[in-house]
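Asks: Okay, so Swiss-Prot annotates it like this:
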type	residues	note
BINDING	T116, G137, D159, N200	S-adenosyl-L-methionine binding site
Amino acid sequence: MRFKELVFLLKIDEEELLEKLYEEGFFNFAIEENKEGDRLLRVYLREGETLPSFLSNWKILDERLTTPKDWMVELEPFEIVEDVVVDPTEKVTRTDKIVVKLSPGVAFGTGLHPTTQMSVFFLKKYLKKGDRVVDVGCGTGILAIVAKKLGASYVMAVDVDEQAVEVAKENVQKNSVDVIVKRSDLLSEVDGVFDLVVSNILAEIHLRLLEDVDRITHERSILILSGIVDTKENMVREKASKKGWNLLERKQEREWVTLVMKRS
C-alpha cells in the first residue's frame, strides 16, 4: 500500500494535536524533532483519504509518495525498557531479552513515545504470569504482545480503528503469540474478567473507559492508564477515585503521565 506523506511544522502543543487528530478519526501520523529543534508532524494519507480539516490551512513543508517500509527503514532495534527490545528490522536473534518484532504499518505506536515506554515499564512491574490482560486502544499491538511475552495466559487487544486492528493482527502473527485482536469502541465488544487492563489513549477517553471498566475487572485487578497530559492528570484521578480506583503509582516523562490504579 502506498501513502501520501505530508510534513508540517507543528504549530500547537502535542496534547491539542492528538485531540484534534483523534476527533477526526485519524491515526496515521508521526511527531518528531529535526536537527534544528523544530517539532514536525508527518501524516500519511491512503488513496482517497482526505487531510484532517484543521490541517488545511497549515503550510506543507514536504510531500511525497511512500510505503510503510520507507518510513520504518531508519528505525534500528532499541531497548524500550530494560530487557525489552523493539525490533523493526527482524534482525535481532538474542534470546536473553523480550524481543517485539514490528511490521511497518502505521507510524504511530513503534514504542518510541514515552507513553508506550511507561506502559511497558509498568507491565513488567505489575503483570503476573498467568494473568488475563486486555489492551484497550492497542494501536500496533505492542503492549498486548509484550504482555503475552511476559507470561500472560490470555491477552485481548482492541481498537476502534480498523487499520490499527489489521496492523496489530499482522504484528501478533509476526511475533508468533496468541493474542485476540478485534475492533471495539473501548470495551463495547469485550467480555470476561481481566486481571490487568492497560490503555494508552487520551485523558478524555480514559473517562469513558472508567465508566465501564468495573464490568471486566475484579477487586484485585490492576489498571494502567497512559497517554495522559499532566494538565489533565487530576481529572482522570478524580474520575477513577469516584469509581473506586486508588492510585498505586505514577510515572512522568516530559508532559506525559502514566497512572497505575487498584480497586479501593
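Any Cβ shown, glycine's included, is placed from N, Cα and C.
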Asks: When a 10 Å sphere is centred on the Cβ of G137 (S-adenosyl-L-methionine binding site), how many other Cβ atoms does it contain?
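Replies: So the number of other Cβ atoms within 10 Å of G137 (S-adenosyl-L-methionine binding site) is 25.
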Asks: Helix, strand or coil: which one is D159 (S-adenosyl-L-methionine binding site) in, per DSSP?
Replies: strand
Asks: Same-chain residues six or more away whose CB lies under 8 A from the CB of D159 (S-adenosyl-L-methionine binding site)?
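Replies: Correct list: G137, C138, G139, V165, A168, R183, S184.
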Asks: Where does N200 (S-adenosyl-L-methionine binding site) sit in DSSP terms: helix, strand, or coil?
Replies: strand
Asks: Please state whether DSSP places G137 (S-adenosyl-L-methionine binding site) in a helix, a strand or coil.
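Replies: The residue in question, G137 (S-adenosyl-L-methionine binding site), is coil (DSSP, three-state).
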Asks: Max Cα-Cα distance in Å among T116, G137, D159, N200, the residues listed as binding S-adenosyl-L-methionine?
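Replies: Pairwise Cα check on T116, G137, D159, N200 gives a maximum of 15 Å.
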